[in-house]
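Novice: Sharing a structure, written as structure tokens. Questions coming.
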Amino acid sequence: MYGSLGMLPKANVGFLTHFSSKDSSLANHDSTIPALVTDDELSAMMRIKANAKELRILELDPGLRPYKDQFEYRMKRFTEQKTLIHQHEGSLEEFAKGYLKFGLNREEGSVVYREWAPAAEEAQLVGDFNGWDGSNHKMERNEFGVWHIKIPDVDSNSAVPHNSRVKFRFKHNNGVWVDRLPAWIKYATVDSTKFAAPYDGVHWDPPASERYEFKYPRPPKPEAPRIYEAHVGMSSSEPRVNSYREFADNVLPRIRANNYNTVQLMAIMEHSYYGSFGYHVTNFFAVSSRSGTPEDLKYLIDKAHSLGLRVLMDVVHSHVSNNVTDGLNGYDVGQATQDSYFHTGERGYHTLWDSRLFNYSNWEVLRFLLSNLRWWLEEFKFDGFRFDGITSMLYHHHGINMAFTGDYNEYFSESTDVDAVVYMMLANDLIHSLLPDAIVIAEDVSGMPGLGRPVDEGGIGFDFRLAMAIPDKWIDYLKNKNDDEWSMTDISRSLTNRRYTEKCIAYAESHDQSIVGDKTIAFFLMDEEMYSGMSCLMEASPVIDRGIALHKMIHFITMALGGEGYLNFMGNEFGHPEWIDFPRLGNDWSYEKCRRQWELVDTDHLRYKFMNAFDRAMNLLDEEFSFLTSAKQIVSSTDEDTKVIVFERGDLVFVFNFHPDNTYDGYKVGCDLPGKYRVALDSDAWEFGGHGRVGHDIDHFTSPEGIPGVPETNFNNRPNSFKVLSPPRTCVVYYRVEEDISNETIGEEASVEVEDKYVEDVEKIEEAGRVTKSEVETSKIPDDEEEGDDNKRLI
């Protein structure tokens, strides 16, 4: 079945140790590596290890048992590869320190440069330091295609100065000399005054006085990640490229104020085409120079840590920019696949993305990519990764023209790229070894079973997968269905349809839904009226009223029911209008829509503040009640007639009324625990741009339902119930007031301390709105809603 997916060819066994004895520093470094074992001995050893215990993933999902051979084969390949790395490199962790040897590094009073380029016939290091004449800086090649040169310091100063330009010049077999950026370059810049200018590699080795030193420890790993996805370059309110330091000082405080605990940064790895959104990487170890220097990025991450925010990096190991002069693709000069970073022929190209594809079975590709992960974790203190394009990696067909139905045969066949699967297993094993509390997220649209289970269970090792079907569902509803066609059962099923024991990050919209050619949810809902109808100084039109109400409901039910974590893209928390459009030929290279209009949410008389306040409050609700981490998730009712969804997450009870017109007074909702319930969060509150129809000072007492222990006799299979007021297009959350029981009675004095704690929690959520009743009244609230009505205020 696996034909071309077997282990490393025997021809490559000698290829495992790339450093010749001529390179004394590397010879010393590798002197403790054990002697090689034969292929037969190694295979026998690995078979014993692979079969030592039953893979737990098959116990969690018996439906996978018919594919036991495939899981055992993956584990065998992973174990063999890791053992080979251990034997020839010392350990997986040591193997991932490639950046200390490859590229330009300081060693014993010299700059030493190494580059793997097996196809090169001659090589030189050129740059500002030698006037771009490499005749005196020729490099030597060992038997494994690694070129190196040692350049001693001059008068105790580096012969290759910090911040000076360098390139790798080599001649390939057609006799042509070419210049390339070093593959491991740590910084790359471009002359912005020249159109389509090539990038220059920059030797980044600042003196101690200029090197940023981290001041703050990593924050503790959150129980549930509430992720703010952001793009630094387009985070300015002005039509220009924003900087790392400006983002740190101006945007990070906004993220913290809205009670997110994690920031996910896009487009950090250098990419020469800005419009690729950072997904056509040219230089894997270099920060995007558009927004500043490596030290500036360190400042950003340290600032985030000081605010209690963890930072994830959007890492792209699924493909490579096609650029030759300034990208890794420039090292492919027609050599065989074992001597290249990429597969040859059609397998080496992604037709839809117009990019190159890694050969994950190649020893040096593994070194390069695994070292890349360690580099970002250790040098910049990232707290984890979101891996892009996992579907493309998992299958030889890359998901192109594939409509995954969930049939397990779609995941386990000759279409599966086991080389890539093993790489991801190694990557997750490494990351969690280096940083046990790292968060690693997979962007996979196929639903590959086991993607989110630990490697030692037979899984691929990610902590979370993105729930990518959820935004597609919302887009379908907003584009194609009238309000009365919305199905509560379908919505609920779409939000809860995830694999048992594999955690998901839910999101209603990410950057994908904000790119030109698509619309944000707010823009779908309100469209052109966002330009004229968002002022609080006039009554909201039906379109605006509906739009704001559904915007809150869609994001909140996605968060509350869709996964074990939540993600929002920068600006969508306040209903950012329009789309993102990066400078390109089609818009005359304009930056007009390559920004975020923060002034909209900061302007007090605009209604954007209401959506932002609700976003802040729903994050705080999880902060206070930790419902995202609860395994208790029970949908008790999806009523197509009333358009109401009722569910419990943890001990909170959520009531979503999607009906456009109907108010239900005395609406009966089921719950698990008996007692007294009060409002914890209400999307219809004044603070969130609502109409204040739900009273927050009302105690809702439960009644028992049916025969205890016999669910079919209960109300909606819940043993208790209480009644609520449910206005149209609202979502209200109820919490159970904990009360002490003393002498078999519930007394107010006995319960007041516990209840005060809950009231304090709720007040925090209410305060998150940052808008008072008087402020709302000055915003032209209709005259028939009187100030004294307790149903129109939070207490």
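Note: Cβ is positioned from N, Cα and C throughout, glycine not excepted.
Note that the structure is predicted; figures quoted are calculated from it, not measured.
As annotated by TrEMBL, active site, nucleophile applies to ASP388. What TrEMBL lists as active site, proton donor is GLU443. Residues or ranges marked as compositional bias 'Basic and acidic residues' in TrEMBL: 765-782. Residues or ranges marked as domain 'Glycosyl hydrolase family 13 catalytic' in TrEMBL: 247-607. If you look up TrEMBL, you'll see 765-795 marked as region 'Disordered'.
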Novice: Once the chains shown are all counted, how many other Cβ atoms turn up within 10 Å of the Cβ of ASP388 (active site, nucleophile)?
Specialist: 21
Novice: So if I draw a 10 Å sphere around the Cβ of the residue listed as 'active site, proton donor', how many other Cβ atoms end up inside it?
Specialist: 20
Novice: Summarise the model confidence on the domain 'Glycosyl hydrolase family 13 catalytic' (247-607) as a single mean pLDDT, whole number.
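Specialist: In the predicted model, the domain 'Glycosyl hydrolase family 13 catalytic' (247-607) has a mean pLDDT of 95.
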Novice: I'm trying to understand the geometry here, so how far is the Cα atom of ASP388 (active site, nucleophile) from the Cα atom of GLU443 (active site, proton donor), in Å to the nearest whole number?
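Specialist: Distance between the two Cα atoms comes out at 5 Å.
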